[in-house]
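Heads up, the thing below is written out as structure tokens.
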Amino acid sequence: MTPTPDAPAAADAATGAGWLARRRGALARVALAPVAQAIGRVERVADGIAFVSGLEDTMLNEVLRFEGGVTGFAHTLDEDLISVVLLDPDAGVRAQTAVARTGAVLEVPAGPQLLGRVVDPLGRPLDGGAPLDAAHTLPIERAAPAIIERDLVSEPLDTGVLIVDALFTIGRGQRELIIGDRATGKTSLAIDAIVNQRHSDVICVYVAIGQRASAVRRVIDAVRRYGAPERCVFVVAPAACAPGLQWIAPFAGFSIAEYFRDRGQHALVVVDDLTKHAATHRELALLTREPPGREAYPGDIFYVHARLLERAAKLSAALGGGSLSALPIAETDAGNLAAYIPTNLISITDGQIVLDSALFAANQRPAVDVGLSVSRVGGKAQHPALRAASGRLRLDYAQFLELEAFTRFGGLTDARLRAQITRGERIRALITQPRFRALRTLDEVVLLKALAAGALDAMSPDLVAPLRERLPAWLDARIAALTPALAPPRDWLADDAALDALAESVGELIERIAADAAHRATAGMPAEDAAGDIGGAFGGEQARGDADRDADHGANREVSREVSPEASREVSREVSREVSHEADRDAAADAARVAGRAPGRAEPDRAAPRAMPDGPPRAQADGDRASASRPRPDARGDAARTAPSPQGGAEVNVNAAANVDAEAEARHKR
């Protein structure tokens, strides 16, 4: 039995009276009252800081909007005034300008739509692209994960740089400081780490603070050319922008990276650099009349950087297992690691990679100081095969550097020490790596195993660079030959026997590289031209010349075998007497020539050139005088070089006479 609808309700629905009544009841329940909005006034403005009064309830870091559309955030809160850091040019902000609260804190857009884009710290595009869809926003100031929310750092973050991956391993979720003097390759090392993530699942965020626009453009172009820009976000606050944007830039970069970390992905943040960020914080603090401390920095500078870098972490499996790694960059002055900001950052981070200006000047790139650099995670996040292969690398290299310092005072006679010096030179050549020449983990393990086995000891250090360039293709070919058809993928790093076999094959590659180098040295041309220019007419002439020289040497060896030792000694005595007489005659001729009485030589007619007209005759006369001033070949010297043998009349090649002739010519020139 179906229920019948209520007649009044049906009538109301038909006429719409019920809907109207309900709407009237809802409107009656709304409390209509005026809403008070506090409006403050600008008391004064200077250097990107506005001092505002009348907004006592403002929160710290709250966004304030000025009349005319300029925005800023509350930096310090005093009883009477609020120091507001402007995020836009202060044009239009004057005294008595109205200021209103927004009730919101600074936020930045986050999400996949930022990948491949260049934005400012507020998410505004700088690459000329379309505006970003702010479907997801995150506050720039977020709390760091608690201890219970973190997990151990146990996965490596491969940088492709051998010295970093082997000696100072960086783990996913680690904070590793890159520190060094100006122009020592700090940014280059960080960009190499970003470029190497093109084959990984890591999202990279590059934050530029106070950098020149041209330098930032070079970084972006390098990532677009060698890396995977579709997996990178560039947050740029150049030196020409407002100090407020430079101050919030690293916080915005971390918030963008945290979006991916919180979803179980892995992210890497490069902050370039925190020294300029500290200078910006000091500038804002001094402008807002905060009391200065050591090196004029405010007392909270340590807390500012600590709360920023503590946001890098490896989350637990319950939270998705994502990670956020940080590579902050800091600049030192004349290598002073004991300065205020460097010591703060070293104590906050999980290790540091120190770049030395002397090593950089010696053309060692990257110029990593092995003695001062450290990773406090290290082997816990290193691949087991790489950890086993690089066990003694740091110790051997440190001992080599110490021995090398002693060799400057004298030679080494101990064979063991000489072998250690040789091994150290190969290690230094191996860890010297050009930019954008990243190595795979397999390449690094095989190289270190070959080094430990002594395969590199016999090769020249100059051949290490060709070995590093040709090794990946060589290993790929070897793996393809060792892998059966339709075989499942194989983890070569987990097979010690396979790694040993690949390391042994490096010896064959070294022999090929050495043979190619010898061939190029013999041909006297670069590698790219040697293959194409040896053949043909030039190659035939060179081959014929080599054959003639070989025939001459063979004939001389045959003559030497035909002459008896007694005949050779007799010829040597005859040649010595002849050379002695020749030397006496040359000395007498030199003395006569100096005195103007050279025998057998007519004095040149010096009046003849004056009678000659200008042109070829004068040039010919000058050429004659020049040829006369050059030493002429001596017939007797030539005869002395080939002396008859008393047994058989064979000719003997005598080198001693040639040496005496050379000494006589040298005396003549003096």
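Each Cβ is built from the backbone N, Cα and C atoms, and glycine gets one as well.
Pulled from Swiss-Prot, these are the features on record:
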{"type": "BINDING", "residues": "GLY180, ASP181, ARG182, ALA183, THR184, GLY185, LYS186, THR187", "note": "ATP binding site"}
{"type": "SITE", "residues": "SER373", "note": "site 'Required for activity'"}
{"type": "REGION", "residues": "527-670", "note": "region 'Disordered'"}
{"type": "COMPBIAS", "residues": "543-588", "note": "compositional bias 'Basic and acidic residues'"}
{"type": "COMPBIAS", "residues": "589-599", "note": "compositional bias 'Low complexity'"}
{"type": "COMPBIAS", "residues": "621-639", "note": "compositional bias 'Basic and acidic residues'"}
{"type": "COMPBIAS", "residues": "640-661", "note": "compositional bias 'Low complexity'"}
To the nearest Å, how far is the Cα of GLY185 (ATP binding site) from the Cα of SER373 (site 'Required for activity')? 15
Under a three-state DSSP reduction, the secondary structure at GLY180 (ATP binding site) is strand
In whole Å, how far does the CA atom of LYS186 (ATP binding site) lie from that of SER373 (site 'Required for activity')? 13
Return only the integer: C-alpha distance in Å from SER373 (site 'Required for activity') to ARG182 (ATP binding site). 17
Which residues in the same chain, at least 6 apart in sequence, have a Cβ under 8 Å from the Cβ of ALA183 (ATP binding site)? SER357, PHE360
So if I measure Cβ to Cβ from THR184 (ATP binding site) and keep only same-chain residues at least 6 apart in sequence, which ones fall under 8 Å? LEU355, ASP356, SER357, PHE360, ALA367
